[in-house]
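Here the structure is laid out as structure tokens; the discussion comes afterwards.
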Amino acid sequence: DSRLQTLLREGHSSTQSSHRLLAYSDALISIIATVMVGNTPSFELRESLQGLLTTKIGVYLMTFLIVTVAWAAHIRLFQVVVRIDDCLALLNLACMMLITFLPYTFSLMATFPENILGILLFCGCVMVIGSVIVLYAFSRPFLLNEQIQISENQTFYKHHILKVIMKVPIMCFFASIFSFIFFQLSYVLLAIVIFLPYISQCLKWCRSKAIGQVEETPDSMLFYTYLPNEPLSKERVEAFSDGVYAIVATLLILDICEDNVPDPTVVQKQFGGSLTAALRLYGPEYLAYFGSFATVGLLWFVHHSLFLHVTKATRFMGLLNTFSLAFVGGLPLAYQLTHEFPPNSHNELEAIQISCVIIFFAGIFQLAIWVVALYNEQETLHPYVRYGGREHVLMLAKLALYPCIALGTFFLTCILSKFSAPIFHLMEITVPFAFLVLRILVRLGLLNAGYLSVVWLHEPRQPQSGQAVTRRLLST
């Protein structure tokens, strides 16, 4: 025991905290997940944007989900591995390189679905990512969580955690094997990887109904599980989300920088050297940019307000957050589409309606996070924002505003299709003012309710019958 303690002390002295490595990893993964919206395979748009909906956006969403699954696994791993040495830092860099390569392999699968090379490259990357750091860290006990180091069941801990972590690499291994036999089954297995925690929970529930509850061995499932209610690192969820919002807000300006800078020769010949006159042609593009930036910024503001009140983020909340971020990442594409087609054309109408759908789902998944948090409010929310708390109404109004406005704009563009672009841009620009009005109205309502309750408590009253008290309450 003394020798083991000496080795642990010596190992601890040669290591450092993993905080900066994790911050770098979160930033890198958020960039890779987000910029893929501009790098998905291009498809010919003929008479409609329906092909875009089923191909480019679909490929992007699946790529985003796959990358975030790798990020979630990284979170779980580094809740066990709390310190790093030089070798582990280099191994993490190698894994980050493979994670950045995942979107390319997925693009190959989308472009050449019947060619197994894309599947093999993807599965190979996932298997390496899921095993290299694990095997190295578990061979160095001083890198692990202190709870594992001092535990009497250290061997059990290691076997249990390895069994959980290695599920995804094993699934990818079988997917690569089946790609030689029946490649369609490989895609099914890869899709299962995304929802594996929830499938595991369903299987566990079915097993408990069939054969009864299985008694867990000591310490099992208390420290590391694969269940939807398992807590994630709230700080890393916020850091990853902030990275996605920041990158999306930055990507919006790229189209303006590339496509909306007039040629000097054209300015001189057609506009008599007046740059102001030449830039007037790009007015709709600038309007779309400012509106889209305001949309991204306000969605981040709502997300920030939500997680400000959250005390613990569960795995299921993390999945809903991933879906919301995936649609937020599609906003640069939506911005590009809103001004890519001729005015009053059918393609422009469809592009604007696609933008409304993207904004709606980005907001509705934020609202879903709030609903899930309310379901377990004793564990996940601060007391003042729980049902009946002073901030509950304001938070609910903030989260419901964008889904309601996006849905209303969608149906309004269906009715007034000739004015779809002005309606959409007006919605984007006026929503910030709607947030201010909303806050004022909620505050006034709370003040009024507080005033009435104070008057009711301090007003002298005579003993009254039950019916009189009821009438008084109703009138108040």
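Cβ atoms here come from the backbone N, Cα and C positions, even for glycine.
Residues 60, 63-64, 67-68, 70-71, 74, 78, 84, 89, 92, 96, 99-100, 102-103, 236, 239-241, 243-244, 247-248, 251, 325, 329-330, 332-333 of the same chain lie 6 or more positions beyond the ends of the transmembrane segment (21-37) yet place their CB under 8 Å from a CB of it. Among the features that TrEMBL reports, transmembrane segment is placed at 21-37 (among others).
Sequence-distant contacts of the transmembrane segment (57-75), counting only residues of its own chain at least 6 positions beyond either end whose CB sits under 8 Å from a CB of the stretch, comprise 25-26, 29, 32-34, 36-37, 40-41, 95, 99, 102-103, 106-107, 110, 126, 129-130, 165, 168, 190, 193-194, 232-233, 236-237, 240, 315, 318, 322, 325-326, 329-330, 333, 354. Residues or ranges marked as transmembrane segment in TrEMBL: 57-75 (among others).
According to TrEMBL, the transmembrane segment annotation covers 87-110 (among others). Sequence-distant neighbours of the transmembrane segment (87-110) (same chain, 6+ residues past either end, Cβ-Cβ under 8 Å): 21, 25, 28-29, 32, 36, 39-41, 55, 59, 62-63, 66-67, 70-71, 74, 81, 117-119, 121-122, 125-126, 128-129, 132-133, 136-137, 140, 143, 187.
Annotation comment: TrEMBL describes 116-138 (among others) as transmembrane segment.
Residues annotated as transmembrane segment in TrEMBL: 168-199 (among others).
Residues 234, 237-238, 241-242, 245, 248-249, 252-253, 255-256, 260, 313, 324, 328, 331-332, 334-335, 338-339, 359, 362-363, 366, 369-370, 395, 398-399, 401-402, 424-425, 427-429, 431-432, 435 of the same chain, all 6+ positions outside the transmembrane segment (286-307), place their C-beta atoms under 8 angstroms from a C-beta of that stretch. Positions annotated as transmembrane segment by TrEMBL: 286-307 (among others).
What TrEMBL records for 319-339 (among others) is transmembrane segment.
Sequence-distant contacts of the transmembrane segment (351-375) (same chain, at least 6 residues past either end, Cβ-Cβ under 8 Å): 49, 52-53, 57, 295, 299, 302-303, 306, 310, 314, 316-317, 320-321, 323-324, 327-328, 330-331, 334-335, 337-338, 340-341, 381, 386-387, 395-396, 399-403, 406-407, 409-410, 413-414, 420-421, 424. As annotated by TrEMBL, transmembrane segment applies to 351-375 (among others).
The transmembrane segment annotation in TrEMBL covers 396-421 (among others).
Per TrEMBL, the feature transmembrane segment maps to 433-457 (among others).
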